[in-house]
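As recorded in TrEMBL, the features of this protein are as follows:
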TRANSMEM  12-33  transmembrane segment
TRANSMEM  45-64  transmembrane segment
TRANSMEM  85-107  transmembrane segment
TRANSMEM  139-160  transmembrane segment
TRANSMEM  167-186  transmembrane segment
TRANSMEM  192-211  transmembrane segment
TRANSMEM  223-241  transmembrane segment
TRANSMEM  261-279  transmembrane segment
TRANSMEM  300-320  transmembrane segment
TRANSMEM  326-344  transmembrane segment
Amino acid sequence: MSSSAGRSIEVDLLRGMALIAIAIDHISASMLSHVTLHNYAYCDAAEVFVFLGGYASASGYANISARRGEGAARRRFVKRAWEIYRAYLLTAALMLGCGAVLARLPIARQLVAETGWPDFAHRPLQGLAEITLLRRQPFLSAVLPMYSLYALSVSVVVPFARRMPVALFAVSLTVWLGAPWLAARLPGVADWPFNPFAWQLLFMLGLLCRLHPVPTQMQTSNVGRALTGAALALALAFTFVKVCIDSHPSPGYMKQNLASVRVVSFLALAWLCAQAARAGWLRNLAERLPALVTIGKQGLVCFVGGTVVSIVVDSTLHLARADTNVLARLVGDFAAIAALWMLARIATMRRDSVPSVAPAARLVRVQSDARAVRGGREP
C-alpha cells in the first residue's frame, strides 16, 4: 500500500470490508457471515481492524508531525485516545440499553445475556464502576479499551519505531510471548476478551509496515516471489483445514491471547493483500466500491453504530421467526450494510459541514494582517 502522505484508499477499502464483516459476523442468522474471513482462515476481521489501526495511526502521526510538529501530533493522539474511550462508554451504554429492551421481548435469553444487561441490572452501581474502570466490557464494546491504549502509546512508539524498528519489533514480540502471564498480573485484564499485551503485536506490525514499508524491489525479487508463493500455499492450506477438517469455532482463549496460528494465518493474507495493492488491484476495486471506502473512512462511527445494527437485525429476524428463511436473512444482511453506509454518509456530511481553517492558512492571514498594519492600511 502506498506510503505517501495522505489517506490510503486501499486501507479505507480494507477497513470498510472489516467493519462490515464485524457487523454481520455478530448477526447469528446472517447468510453472508458464511463467506467472511473466519470461515476460511484462522484469523478474522478483528486482526484486520487492529493491524490497519496501527498502519493508519502511524500515517496520521507522521502527517501531523510533518505539517505541525511533534507536539501537535502527540496532542492529537492523546485526544484520539480520549475519543475512543468515550466511544467505548457510549458503546457499553448502547449494549446495556439493547439488553434492557430485549429483556422485555420474547427472545432468546442468550442474546440478552451477551449484552451484559442481567448482571448490570442486578448490581448497577458496581457495574457502572467496573465498566468505567474497564474491568467489565459489555459485549461488542470489548475491543475499544485496547484500541484506546494503543492510541495513547502512539506518540511514544512512532518516534521509537522510526529510529529503532528492529528493537521495537523485538520488544513487541517479547510482550506477545508473555501476554498471558502479563495479563494475569494485572487486576481485571485477564478477563478482557482481547488481551492488550497480545494484540499489540498486530498494531505494532501495522505501524512498522507504514513507517518502514517493504521495498518494491524486494517484493518483485526472487525472495519476494518465494514469499508470495509460501503465503499463498499457507492461505490455501488453512482454508482446506478450516473447510474440510476443523470447521468448529476456535476456543475463545486462542483469540483472546492471539494464538500463533492466528498470527501466521493473518500474515500470509496480509502479504497477499500487499501484492494485490502493489499490482493496483485493490485501488481498482476501491474505485468501483466507493461505499466501502466511505465506511472505512468513518471507522469509529461505523464500529459503534454497527454494534447496534447487528443486535437490531439479529433480534428482528428472531422475533419475526425468519431466522431460517434464506431470503429474509439476506435482506437482514444487506439492511445492515446499508445502515453502515448511511451512518458513514451522515458522519461525512457532518464533518464536511463544519467550517475549518487550516493552521497554515491562519498563519498566512495573520502575517498578511500584520504587513497591512505596518503599511498603514486596513487589513
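Residue 1 is the first one shown; counting continues down the chain.
Cβ coordinates come from backbone N, Cα and C, glycine included.
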Stretch among 45-64, 85-107, 167-186, 300-320, 326-344 sharing the most Cβ pairs under 8 Å with the transmembrane segment (139-160): 45-64
Do the transmembrane segment (45-64) and the transmembrane segment (300-320) come together with 3 or more C-beta pairs under 8 Å, pairs six or more apart in sequence? no
